[in-house]
Amino acid sequence: MAAAVRLLPAVTLALLYCFPAAMSSRRDVLELGDADFDYLATEHETMLVKFYAPWCGHCKKLAPEFEKAATRLKGTVQLAKVDCTAHLETCGRFGVSGYPTLKIFRTGRDSGPYDGPRTADGIYHYMKKQTGPDSVHLKTEENLQTFINHYDASIVGVFSGADSAHLLEFLKAAGLLREQFRFAHITDLKLGAEYGLDSEGVLLFRPPRLANKFEESVVVFTDYLTIGSLRRFIRDHIYGLCPHMTLENRDRLRVRDLLTAYYDLDYQHNPRGSNYWRNRVMKAASKYTGRGLTFSVANKKDFLSELEDDFGLDTSDGGELPFVTIRTKLGHKYTMREEFTRDGQSLERFLDDYFARQLKRYIKSEPIPERNTAAVKVVVAESFDDIVNDPERDVLIQFYSPSCPHCKKLEPVYRELADTLNSDPNIVIAKMNVVDNDVPLGYDVQGYPTIYFAPVGKKDEPIRYEGGRELKDFLKFLKHEASHSLVFSGSKDEL
């Protein structure tokens, strides 16, 4: 015993010598390398690894958020990092081709990419969902009731035994979808019989707080089980007739045309009041099923800026009555201007007008300028079709933000370009303030400035400008893409 104690420091020193990154284990973020990656990764049930390069700007921006998340997740999920400029073998082994690359590992094995938020709070919440098994094994009816009595929906697989081939496929699906949904499985068919399942299959339990008289709270899946078929089943049934839209699930709900009623929804403190307005929305929804419109409710406090900025609604004096909007998958927006009545009749009138195509789309737009005589033409949302989609002229349009320093730097060059081509009757150099105007479909504006070219005959296929920001760069691009020969101002010569 004494000999073992005397040997301990030597063993510890040997480990630190062989695996120098282990010295950083006192830190919240482990530093891993070629020599110790596998050894240390297998010690952690769940680990998030950041593959980075010290010179990478995005990596530097992520670093403090990653450190904060690591501190909050300490003892639950281990966060680690690998410098790919120093450890080429490890980064090459995991197919790292850009920085930063984040991957989730389970007991040392790469289980998939991390595609969640890159803020400390976002990383924390995303990785908290990655802890524990992909699917919880429920052994008793009590276990089942505890699992499904949850704020979120539950997907429970029912199988004949632990050696079921369908169980293996279910577990694979759970591993892929666990960050979005809650999974559990049963290996006793008797526990599924109460819910009308007398053979192997899957039960989808909607959240108890959303129980209602318009639909079943449990949906049964008995088709042939594959990852694809289970994914489709969950997608088609998880939300039901009228889900609760949150900041976390809104992107998944908005892949379809979606009506949303916003009000003081709070299922934690006022579930009865929250369902009062939801039931009225559901009554209308049940009359319009199968017509391509989905329905949801949301807490208006979570979406105030969106209601005001995207839909032009004044939420300050809304009272307890819901605001109702429709946002289609193509980005078209409509608002219900009539006050929401408690009998639901105003909502049904709004829906009748929507399906009859009698509603006017809401477009956020500055006023159309009374005079627009400068070389760079000002475009607003209301004038976009008239100017940019003019079938007779090519248009180069810059989408900008008034506060963007890059836009301000570009301004004199862009104005010089417009002056240079001001005499050309076949081309327009234009700009649009994205902060105060809706961006039309077909234009992907994620940063500023973003520049597109809309050529004659191909207005529905605008070309994103990716070239340099000097006058000669723009002229070279336009000379190649324009539908005609360019004409310089002050010269009658065509170029």
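Cβ atoms are placed via backbone N, Cα and C, with glycine included.
Among C59, C84, the cysteine that TrEMBL records as disulfide-bonded to C56 is C59. TrEMBL records a disulfide bond between C404 and C407, which is the match among C242, C407.
Note on the domain 'Thioredoxin' (362-483): DSSP counts are 34 helix, 23 strand, 65 coil. When the alpha carbons of C407 (disulfide bond) and C59 (disulfide bond) are compared, the span between them is 25 angstrom.
A Cα-Cα distance of 23 Å separates C59 (disulfide bond) from C404 (disulfide bond).
Distance from the CA of C404 (disulfide bond) to the CA of C56 (disulfide bond) is 23 Å.
Per-residue pLDDT, averaged over the domain 'Thioredoxin' (362-483), rounds to 93. Across the domain 'Thioredoxin' (2-132), DSSP classifies residues as 61 helix, 27 strand, 43 coil.
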